[in-house]
Amino acid sequence: MTHMIYPKTYDVIVVGGGHAGTEAALAAARMGAQTLLLTHNIETLGQMSCNPSIGGIGKGHLVRELDALGGAMALATDKSGIQFRRLNASKGAAVRATRAQADRILYKASIREMLENQENLDLFQQAVEDVTLEGERISGVITAMGVEFKARAVVLTAGTFLSGKIHIGLENYEGGRAGDPAAKSLGGRLRELKLPQGRLKTGTPPRIDGRTIDFSQLTEQPGDTPVPVMSVRGNAEMHPRQVSCWITHTNTQTHDIIRSGFDRSPMFTGKIEGVGPRYCPSIEDKINRFADKDSHQIFLEPEGLTTHEYYPNGISTSLPFDIQIALVRSMKGLENAHILRPGYAIEYDYFDPRNLKASLETKTIEGLFFAGQINGTTGYEEAAAQGLLAGANAVQYVRGQDPLLLRREQAYLGVLVDDLITKGLNEPYRMFTSRAEYRLQLREDNADMRLTEDGYKIGLVGEAQWRMFNEKREAVEREIQRLKTTWYTPQKLAEDEQIRVFGQKLSREANLHDLLRRPNLDYAALMTLEGAMPSENLSAEVIEQVEIQVKYQGYIDRQNEEIDSRRDIETLKLPDGIDYGRVKGLSAEVQQKLNQHKPETVGQASRISGVTPAAVALLMVHLKRGFKDAK
């Protein structure tokens, strides 16, 4: 093979053009770093490899956090979303989430446009087969045709491509996804570097030709009106034409067909060694695990406005193709369905995320960052969020500046990273709101309030977004202050007016702020009082923020007290090379776990399985004694 060194040296190289890679490259370039994005195929940049949707419970929170940090996913979704819904709209603010069906072609085009118009970013089409090192530090990568690209930091976002193997029934072949080759050489090279790794599995359902679906037998599921918006930089005018999803169900016949294929299932015959996602199981896994259920709901999701292709959400499978045809046609409305693409499972290498720092830099190779499914996560949103963080921290590393580290009480991205690096995983990791201890702090509506300032400080957030954020923050502060200084007395309001708005008579003088805290009174009703309306025209986002801050103030204050009480533990750093054998009272088991995981802070140590509260207390005593001795 010929070998040449590319004449330009980069600050950051990103390997992979999926959701993690595109966010990583855009983040690094936005911060002013000379960045190269390497992908095996420029035509597949930003491709939605599985389901045509963005967001949902927990995932939508990550998308908003990405957006608050200047990321691309939310804005691309506004430009490509063909159905938007607000989930849990009637529930508490902490679990409300936005979900969108996206037109695959429009989404990919939007991401491609952002990449091609981003300053400081070069694209190059070549598969990466090797990484180069100078001692224990990354120095670049080598592509399939022997071109060596030099860089001071590298972000690997290889998705399911590392030694990927595709399964349909008992047949299997190497591949990164259907139609794309696996990254076999790179996977082998990373194993040579003794990075701890394992095998995981994911899957996708067969795709159906919409012209062969009988929609008259299905239940229609339209989007919300008014149509929600994902990005603070987006608006409803960006949205393309809106369309419906459709609902059908499996039945006992479907389940019998699926069971008849178990003897040819790669999952049940041992052909697949990797562990699949618990919360997005294949249909055969569902039928096996929930044998008492006679039916499962299946959502038929349109793949776009210019295609007849539908994605049947809920029947991911690696069963033989004859079984796939039969199970699809056993469902109402799909009796004559034509399958355009078969479903399949894919096994791939991942690397133990406990070998990562909170910055997503590997502990063993300086300047090498991992993001996305290579870390064992599943989902576009989880990958994109990690990509942005890894890209930003690659730049911070190159500049010799402190990394962007997000705390558990600050962001779902902070929860995600902390879970990965302290607990590891034995199945693909998916984000849920239940994973966060401080859900009330981590709402979709306040993602910008939590993160935009940090993003702006390091160059992730541009001036236009920063200006919009400050206008919103100041409007919220002004309105809350106005509510506190606008008073009503029982004598000021007619008795029937009091009963109409409050449901009862006022017993004493009260300001609008205190009245809004009442559980049966919302902002809109309160503003019907004479003289209550603000003089400025407030956006729906400002009003929502005001209402939530006022109504949940007591709960938020209590959570803040809890967070403050743990701050010492969370932020106290553990010295590099600390000898846990010198910590008096630590058991051999705890010493072993701490030496294995190498946590960076006491907070991280406290979340390692087997590290008890008593062990954490001993660590704190040891560190404080060390600080005193140093003085």
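Each residue's number is its place along the chain shown, starting with 1.
Each Cβ is built from the backbone N, Cα and C atoms, and glycine gets one as well.
Feature annotations, courtesy of Swiss-Prot:
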type    : residues                                 : note
BINDING : GLY16, GLY17, GLY18, HIS19, ALA20, GLY21 : FAD binding site
BINDING : 276-290                                  : NAD(+) binding site
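Between the C-alpha atoms of GLY276 (NAD(+) binding site) and ALA20 (FAD binding site), the distance comes to 20 Å. Rounded to the nearest whole angstrom, the C-alpha distance between SER282 (NAD(+) binding site) and GLY18 (FAD binding site) is 23. The shortest Cα-Cα distance between GLY21 (FAD binding site) and any of the binding-site residues CYS280, GLU284, ASN288, PHE290 is the one to CYS280. You'll find the Cα of GLY17 (FAD binding site) roughly 24 Å from the Cα of CYS280 (NAD(+) binding site). Taking the mean position of the Cβ atoms of GLY16, GLY17, GLY18, HIS19, ALA20, GLY21 as the FAD site, the remaining same-chain residues with a Cβ inside 8 Å of that point are VAL14, THR22, GLU23, ALA24, THR39, GLY46, THR157, GLY159, GLY372, ALA383, GLY387. Packing around LYS286 (NAD(+) binding site) is summarised by its Cβ count: 19 other Cβ atoms lie within 10 angstroms of its Cβ, all protein chains included.
Spacing of GLY18 (FAD binding site) relative to ASN288 (NAD(+) binding site) is 32 Å (Cα to Cα, whole number). Least packed by the Cβ count within 10 Å, out of the binding-site residues ALA20, CYS280, is CYS280. Cα of GLU284 (NAD(+) binding site) to Cα of HIS19 (FAD binding site): a span of 28 Å. Counting Cβ atoms from all protein chains shown, GLY17 (FAD binding site) has 27 others lying within 10 Å of its own Cβ. Within 10 Å of the C-beta atom of ARG278 (NAD(+) binding site) sit 14 other C-beta atoms, taking all shown protein chains into account. HIS19 (FAD binding site) and PHE290 (NAD(+) binding site) are 33 Å apart (CA-CA, integer value). According to DSSP, SER282 (NAD(+) binding site) sits in a coil region rather than a helix or strand.
The binding-site residues in question are GLY16, GLY18, GLY21, GLY276, and the one with the fewest Cβ neighbours inside 10 Å is GLY276.
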